[in-house]
Amino acid sequence: MLDQNALKRNAAQAAVDYVLPLLGPDSILGVGTGSTVDLFIDALAPHKQRFRGAASSSERSSARMAQAGIQVFDLNDIETMPAYVDGADEIDSGLNMIKGGGGALTREKIVASVAQQFVCIVDESKLVAKLGAFPLPVEVIPMAMAAVARRLARLGGEPEERKGFVTDNGCRILDVSGLDIADPAALEARINDIPGVVTCGLFAIAGADVALVSGQQGVRQLRAGQVSQ
Ligand SMILES: O=C[C@H](O)[C@H](O)[C@H](O)COP(=O)(O)O
């Protein structure tokens, strides 16, 4: 019986196998944040001669890549990337996701938007029928915390400040429980429209293109609306 860390490691290795054929000597790869991505960076490092470098979604991943000898580029110097690889806190069969458990959601959404495809790597515990058991992270400009919290409560959520946490952008996080996420893209747009919200952790307007889901039987590849072994 594989434990969760072994499952994450298998997903990370599957992502390396998936992205390497997409990369050439001039390619920049988008890299996300989190414990699964840490394992992806470790598995990617031995292949660093096969591509030019990476764009990172957090100080944490940048530091890990620099230590592994993978060159990290400023996103402003990159026009496009063949792929962006990242984990998720929850993902559904439509490849809509909740992200931001590690607080990197905004930079993740930005870096992902520059890539041609989003490759999501998860262990099977993250695959859900409906999003929302995991509290939705919302990044907020500090002066707007109370105002945004009131608006989120009016949407049916129970926002709680992530105490003592400051994002890489100098902002704060509200973790919102109790939301009914019937239409992830509509709710994403609605929350992102609240003044003071930087972005919310729903990735549904632009979800993943492919998910590599690691389970006891191996790694399954999921595409939106279609499952294959
Ligand atoms: O802000 C963090 C990210 O959205 C992560 O991708 C997400 O929290 C999943 O992280 P992990 O791989 O550690 O479960």
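Positions of Cβ are set from backbone N, Cα and C atoms, glycine also.
Feature annotations, reproduced from TrEMBL:
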{"type": "ACT_SITE", "residues": "Glu108", "note": "active site, proton acceptor"}
{"type": "BINDING", "residues": "Thr33, Gly34, Ser35, Thr36, Asp86, Gly87, Ala88, Asp89, Lys99, Gly100, Gly101, Gly102, Lys126", "note": "substrate binding site"}
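Here the binding residues for substrate are Thr33, Gly34, Ser35, Thr36, Asp86, Gly87, Ala88, Asp89, Lys99, Gly100, Gly101, Gly102, Lys126. Their largest Cα to Cα distance works out to 16 Å. DSSP gives Thr33 (substrate binding site) a coil state; it is part of no helix or strand. What surrounds the substrate site, by Cβ distance within 8 Å of the Cβ centroid and not counting Thr33, Gly34, Ser35, Thr36, Asp86, Gly87, Ala88, Asp89, Lys99, Gly100, Gly101, Gly102, Lys126, is the set Gly32, Val37, Ala104 from the same chain. Taking all protein chains in view, 24 other C-beta atoms sit within 10 angstroms of the C-beta of Lys126 (substrate binding site). When the Cα atoms are compared, Ala88 (substrate binding site) and the residue listed as 'active site, proton acceptor' turn out to be 11 Å apart. Other Cβ atoms within 10 Å of the Cβ of Ser35 (substrate binding site), summed over all protein chains shown, number 14. Counted within 10 Å of its Cβ, the other Cβ atoms near Lys99 (substrate binding site) come to 29, all protein chains included. Asp86 (substrate binding site) has a Cβ environment of 30 other Cβ atoms inside 10 Å.
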